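Enquirer: The following feature annotations were taken from TrEMBL:
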- 44-64: transmembrane segment (TRANSMEM)
- 105-125: transmembrane segment (TRANSMEM)
- 145-173: transmembrane segment (TRANSMEM)
- 185-206: transmembrane segment (TRANSMEM)
- 226-252: transmembrane segment (TRANSMEM)
- 279-299: transmembrane segment (TRANSMEM)
- 319-335: transmembrane segment (TRANSMEM)
- 347-365: transmembrane segment (TRANSMEM)
C-alpha cells in the first residue's frame, strides 16, 4: 500500500496538503524553492552551505566568550585529549572541555530538536501557528519540571515528569479545540492559549510555595532558559531523548505530508492516521520535555525556523525536516553565543530568542503575506 504514496511526485503531496489547509506559496517563494530544490531534492551546493553555516556557528560558539580561544589552541587541546596527554595549556583545556564543548553540543541538539518538533506540530495539525509554545506543550512540561525541581529530583525525574505533563497538556489542548470531530486553526491556537494560561498560573502558585532562599531563584532563572552549567554527564542523560524524538520524526517525514490530507486519502496511501498522528505528537512532545528539563523554556525556535525552511524549500516535509534541523541548530548556537558575550552577565536565552525571533518573523510575514 505504501507504494501509492511513494510513487506520487514529491510535489503532489505537499501541494495537496497545502490545498487542504488553504495555503499557497507566493511567487517569490516558488522562485526561492526552484533555486534550492531540483527534482524534489535539495541542491548539493545548498546542503553544503547549510553544513558550513552550522560548522561556522559551532566554531564561533567554541572560540567566543569572556576568555577567547583561537583555532590553533582548540586543535592543540583536542590533540592532547585524544592522545591522553596533559593539556599544553590547562586553562584552555578546562574552558573547552568543562564549558564550551558541552554547551555547544547541547545548543546544537536543542536547536535542531525544537525546530523539528515545531515543523512536526505544524504538519500534524495543518496549522502554521502550531508549535510547542502555542499548543501549551512548553508550559505543560514546565509545570512538571518545576514540580520535580521543588522536590529536588534528579535529571531523569525532571524529564519523566516534564514528559508526563507535556503529553497531558497536549491532550487537553486537542480535546478543547476539537468540535464535532473537527479542529480549526483558530480553535487550536485559542485552546493552546488557555492551556498555557492555566499552566503558567500553576507555575506561579508553585513559585509562591517554593523556598524563597534556595528553590525560588533556581526556578525563576531556569524558566527564562539557559544552557549554563551543562556538563557531558547531563548531556548523556538528556540528549538521547532528543535524538530519539528527532529521529522518529525524521523517519516519518514523508508521511507528514499525508497527514495534511483527508483521512480517506491517507488511508488510500496505506497509513493509519489514528496511530501515526499520536506517534508524531509523542515524538515532538518528547523533544520538548527533554529540552525544557535541561535548559528551561526556549521560545520562537519551533515557530520561526520551520517557516524559514518552508520559504526556502517549499512545503514538502521530506525537505523541510532536515533543513529545519540544520537551521535550528545554527540559530541556537548563534543565540547562545550572543547570550554569553553581549553583556558582563549572561542574558537568558528566551529573552534573545524573542528579541531576534519576533522581528524576523514580522519580516517573513511581510515578505510572504502570510501565505505558507
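Note that Cβ sites are derived from N, Cα and C of the backbone, with glycine treated the same way.
Please treat TrEMBL annotations as automatic predictions, because they have not gone through curation.
Given the structure is predicted, the values throughout are model-derived calculations rather than measurements.
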Enquirer: Please work out whether the transmembrane segment (105-125) lies in contact with the transmembrane segment (226-252), by counting C-beta pairs under 8 angstroms that are 6 or more apart in sequence and asking whether there are at least 3.
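Expert: Stretch pair touches.
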Enquirer: Hey, does the transmembrane segment (44-64) touch the transmembrane segment (347-365), meaning at least 3 C-beta pairs closer than 8 angstroms, sequence gap 6 or more?
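Expert: These two segments do not touch.
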Enquirer: Considering only Cβ pairs under 8 Å, which range in 145-173, 279-299, 319-335 makes the most contacts with the transmembrane segment (185-206)?
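Expert: Per the Cβ count, the answer is 145-173.
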Enquirer: List, by number or range, the same-chain residues at least 6 past the transmembrane segment (226-252) whose CB is under 8 A from its CB atoms?
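Expert: Beyond its ends, the transmembrane segment (226-252) has Cβ neighbours at 98, 101-103, 105-107, 109-110, 112-113, 116-117, 119-120, 155-156, 159, 276, 279-280, 283-287, 289-291, 293-296, 321-322, 325, 336, 339, 346, 348-349.
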Enquirer: At a threshold of under 8 Å on Cβ distances, which of 44-64, 279-299, 319-335 pairs most often with the transmembrane segment (145-173)?
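Expert: Highest pair count goes to 279-299.
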